[in-house]
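First comes the structure, then the notes that go with it.
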Amino acid sequence: MVKVLAVLYDGGKHGEEVPELLGTIQNELGLRKWLEDQGHTLVTTCDKDGENSTFDKELEDAEIIITTPFHPGYLTAERLARAKKLKLAVTAGIGSDHVDLNAANKTNGGITVAEVTGSNVVSVAEHVLMTILVLVRNFVPAHEQIQEGRWDVAEAAKNEFDLEGKVVGTVGVGRIGERVLRRLKPFDCKELLYYDYQPLSAEKEAEIGCRRVADLEEMLAQCDVVTINCPLHEKTQGLFNKELISKMKKGSWLVNTARGAIVVKEDVAEALKSGHLRGYGGDVWFPQPAPQDHPLRYAKNPFGGGNAMVPHMSGTSLDAQKRYAAGTKAIIESYLSGKHDYRPEDLIVYGGDYATKSYGERERAKAAAAAAKSA
């Protein structure tokens with residue numbers, strides 16, 4: 001029989017009171033009865049950090065590991081080396097940057113890494129649009145003013161703008177980035193731009209009313225609002241540093257619901273405090289959970305606002321949790337049945353090789369460059 005380890009976040013009393021919070025340790029993605037009825041074992045924990053964590057102890061003899069972007073259990077090369085029985089790593093959600101994919105390819109004959117592709121793209125896209133509006137309309141300081149018992153229209157309005165007539169650009173135009181652009185179309189923005197190595201079709205560009213910019217700095221210089229919708233990998237880690245942020249328009253807004261490590265948190269906080277960035281918002285942090293002294297918890301613009309940060313929640317609405325719980329079960333069922341008939345789009349690593357175009361192309365390019373250098 002198979003041991004399944006799930007690293008999920010603690011929902012506390014909320015997880016106990018709301019069974020639809022499937023991504024919590026209280027509700028375990030709805031998997032326990034289904035697995036135990038088949039004779040399998042499910043171990044669930046939220047203890048994932050520090051020496052001798054439950055995650056580390058239980059991983060050693062687990063055959064399947066379930067992790068989540070909202071409370072990531074980092075599958076480093078060192079951890080994978082100790083996981084002698086591990087065959088399948090499932091992300092309940094999307095994004096497998098918490099897994100050392102090179103090590104997964106080489107461990108135990110190749111660990112399959114899969115995620116529930118598409119399960120929360122609508123949820124994240126809606127959150128992006130909400131965050132843009134919250135920042136541009138200066139909602140948070142205005143709401144805080146009311147809660148404090150004050151009434152000062154001018155104080156709120158002096159940093160409030162319309163989204164109409166603004167230039168908005170997305171870094172990445174995959175499943176989420178494209179949906180963000182589609183949701184922005186009715187707002188009559190001056191222009192919708194995107195930066196991505198792979199262009200949309202001419203038909204999609206015409207339908208959405210967007211335009212590709214081949215150079216990232218060129219796009220940033222034009223945008224009033226920039227939203228990050230690309231995956232985290234070696235080329236995007238720390239991408240938005242002090243130098244790149246300086247290329248953005250003074251007084252622009254930056255939204256990040258992709259991954260916290262794509263930005264340098266200290267540089268974003270500095271740009272916000274100086275007013276170079278009028279606002280920063282999103283739900284992704286590095287590390288996660290964010291420590292109490294994380295600079296993006298407290299950084300504000302010179303007007304006393306511009307911070308729209310929340311916990312990592314954009315992709316874990318109750319509707320999204322239904323989808324990624326069902327998708328996680330389907331992936332595990334495919335493994336347990338021996339059929340391994342996974343949805344191709346869910347596979348990140350399979351059979352000791354990359355199964356996704358972007359990762360595969362990137363790794364092959366690195367290998368080719370190394371071979372050429374040594375020749």
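The chain as shown is numbered from 1 upward.
Cβ atoms here come from the backbone N, Cα and C positions, even for glycine.
Not measured: the values here are computed from a predicted model.
Feature annotations, reproduced from Swiss-Prot:
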| type | residues | note |
| --- | --- | --- |
| BINDING | Ile94, Asn120 | substrate binding site |
| BINDING | 175-176, Asp196, 231-235, Thr257, Asp283, 312-315, Ser358 | NAD(+) binding site |
| SITE | Arg259 | site 'Important for catalytic activity' |
| SITE | His312 | site 'Important for catalytic activity' |
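Neighbours of Ser314 (NAD(+) binding site) among the recorded positions Ile94, Asn120, Arg259, defined as a Cα within 10 Å of its Cα, are Asn120. The distance from the Cα of Glu234 (NAD(+) binding site) to the Cα of Ile94 (substrate binding site) comes to 18 Å.
DSSP assigns Leu232 (NAD(+) binding site) to coil in the three-state reduction, outside any helix or strand. The binding-site residues considered are Asp196, Glu234; of these, Glu234 has the fewest other C-beta atoms within 10 angstroms of its C-beta.
On the backbone, the CA of Arg175 (NAD(+) binding site) and the CA of Ile94 (substrate binding site) stand 11 Å apart. All protein chains included, Arg259 (site 'Important for catalytic activity') registers 25 other Cβ atoms within 10 Å of its own Cβ. Long-range Cβ neighbours of Asn120 (substrate binding site) (same chain, at least 6 residues apart, Cβ-Cβ under 8 Å): Gly93, Ile94, Ser314, Gly315, Thr316, Ser317, Ala320, Arg323, Tyr324. On a Cα basis, Arg259 (site 'Important for catalytic activity') lies 6 Å away from Leu232 (NAD(+) binding site). In this structure, the CA atom of His312 (NAD(+) binding site) is 10 Å away from the CA atom of Arg259 (site 'Important for catalytic activity'). A distance of 17 Å separates the Cα atom of Asp196 (NAD(+) binding site) from that of Arg259 (site 'Important for catalytic activity').
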